[in-house]
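**Student:** Next up is a structure, given as structure tokens.
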């Protein structure tokens, strides 16, 4: 439920649990590294596409079938493995079969019989055969080098995979112990986080409710005030009335100024009236003293007094007006003045309205204490409800501890098996390396021109390969069966995401490895073993639990722990009738708002009545009266008349009277005229102020009456509705607590991801750290078998090539005894061939100047003639385009026969033998004419 907005700071957030970081398995680094031979698992899946026969495994596990029957049934689904075993076995027999066949066959060596040969064509063919054998030897040597390099790589792979298997086996106890320790950590952390969410969430809810009860004036009083103020405008009305008070003060100030001006004008008018009376008496005396002739002019003089103008009466009437007196009394600071009473009543009314929340807070103390008492009872009841969860988790921790103690006794036997596997793999690797070294030694002998030793070593290596292949094939078969069956029986079920069909059938439901099928799966069985008194079942499929944990879901929803801890009943306040009644008893009263502005309305009505005065009539009357103008007119008239009077004495008296009138006008009537103007101004200003003021009073009175009518009619309902909202807010804290707890428990609390990490670590250890290297070990062994099967023919062919080269070398050495010079010794075969290659290199790098040696050309021509003669006695063959290769012995390119003999003599005298240098020439014959040929230096 969404809580209503208030001006208060937001309520405290529900604390979220913090999961522990003390898990060990993620720090082991089992996912680190490159698993090169993982592709073999895909290959094994292709050759064994059938599902694991779980029924057969169940019967074998419970010894319901014989061993022979188990093998026969297994053959039906393991045809791929049988084919692989057959291939291994056949490949391992290739070296033996080929060696036997090679030993039984006799090589054809008739063309290599040693003996003197002088025929140049035969000798050329022998040289061509020697080159062919050398080329074959080079090719076979290169092939053997590649095979040896591949063998070395395979041996390195065997060694690395064997060490990986040994390292993984040695690491297994640590991984298992760490996994069990992480399971204990997970169980404790889960119990701690769930308890934290429940207790801390409830504590936060209780704190929120207590905070709301403490702030009931702001949460309940202020909304009521705000609603009533919004719909009645009572606060604005109060402010308007305060403005009326200010305006009344200004109005009283204006009336006070008016009264003050009237008082001064009355005082001056009294004195002016007296002076005017004196002036009028003097004028009457003057008129009587005028001569008969000037009497008509004197009779025209006349002056008005204040009685005739009515100025004094009007001033007095205005001063004594009762309305102005009441209006004047509004702004006075008297005890019973209108403004004083209005201010007091307004202060009381505003205090009642504004202090309503404080009054509400004081009036709800008893219901708040009752609610807090029931909240304390709720906390104690929740504590008792979580005991089942704590007991179950503690029993599971004990079971894990017993499992850890049992596994320690099994690790010694496991290490012995691992040591045996490692030793077997190391032996196979070393034997394979020794065979590789034999082939490498034979290749080294050939590079050092020890052809006889190289051939013998190659034959010995082939014989060793024959026996080693059979042994290595047996080793590869055993490793392949272990690795392949480990993949099919264990790794494939473990990685059968997301259904885990085989794994579920084996250990979950129907649980084929159990003597009695579990009703609801392995998880329910584990929980039932931990808490036999538990009511209800946990029907959680193993595949669903694994997938949920992989998605980092909470353990509470994944394993249906609501059967251990009924959070919904704990968090539902309706299950606690006392608390529900205590909350419902909390309500706000509307009594303070009933008729609290009656006195203000009465005062405003009086003020509105007192404002009924007609100032316009006073202003118009005063505007028409002007004693100053009358006196000025009289003075002017007096001056004109005095100018026409013929009697000097009368004229002088008139002048004197005019001077007196002038002094009266200046000293009294002119100030009185100014005061009259001020009175008219104040009346005008007062009229301008009084009309809006009366209108404002009238509007305020109307608004106040309407506001009070609304308060009398609607305040009870408003208080009831706002009380319902506040009670809903209190109950909303329980709803928020329940929603938050459900969300946290189902998604973000006590994530079961550590269990999946443990599961993933165990399958990673077995499948990628043990099975993958084991598959790599048999695959590397298979590569060695295949390379041995290729290396055996290559070795035997190289041995035959070395033997034929050795025989051909002896024949060529015998036929090369004819050379220039007297030294009868010929160079050794190795030196002859070495020198021959040096001559070829010199020929390619230095082009001899054939034109500069006529003797050598003559010798070449003679040799060519000899070859042509020999060719002429050959049978009729196609000579259109044929060639003969010969070799010519010479000491150097440019020399004559005499020089050769001289050099021989010198060599005989010096005791040195001049060895013959051989140069090979190819004669290209054209058509049928032996005399037509071209020389090509080889």
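Heads up, residue numbers simply count up from 1 along the chain you see.
Placement of Cβ uses the backbone N, Cα and C atoms for every residue, glycine included.
Caution: TrEMBL annotation is automatic and unverified by curators.
The annotation transmembrane segment is assigned in TrEMBL to 79-101, 139-160, 421-443, 455-478, 777-798. Per TrEMBL, region 'Disordered' is recorded for 818-861. Per TrEMBL, compositional bias 'Basic residues' is recorded for 833-848.
I would like each feature placed in context: is it buried or exposed, what are its neighbours, and how far apart are things?
**Tutor:** Remote same-chain residues near the transmembrane segment (79-101) are listed as 44, 46-48, 462-463, 465-466, 469-470, 472-473, 476-477, 480-481, 484, 782, 785-786, 788-789, 791-793, 796 (criterion: CB distance under 8 Å, separation of at least six residues from the stretch ends).
Only residues 6 or more beyond the boundaries of the transmembrane segment (421-443), in the same chain, are considered here, and those with a CB under 8 A from a CB of the stretch are 141, 144-145, 147-148, 151-152, 154-155, 158-159, 161-163, 165-166, 169, 454, 457-458, 460-461, 464-465, 468, 471-472, 475, 479, 777, 781, 784, 788, 791, 795, 798.
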**Student:** Same chain, outside the transmembrane segment (139-160) by at least 6, Cβ under 8 Å from its Cβ: which residues?
**Tutor:** 425-426, 428-429, 432-433, 435-436, 439-440, 443, 446, 773, 776-777, 780-781, 783-784, 787-788, 790-791, 794-795, 797-798, 801
**Student:** Who are the long-range neighbours of the transmembrane segment (455-478) in its own chain, taking Cβ under 8 Å and residues 6 or more past its ends?
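**Tutor:** Tertiary neighbours of the transmembrane segment (455-478) are 85, 88-89, 91-96, 99, 102, 424-425, 428, 431-432, 435, 438-439, 441-442, 445, 778, 781-782, 784-785, 788-789, 791-792, 795-796, 798-800, 802-803.
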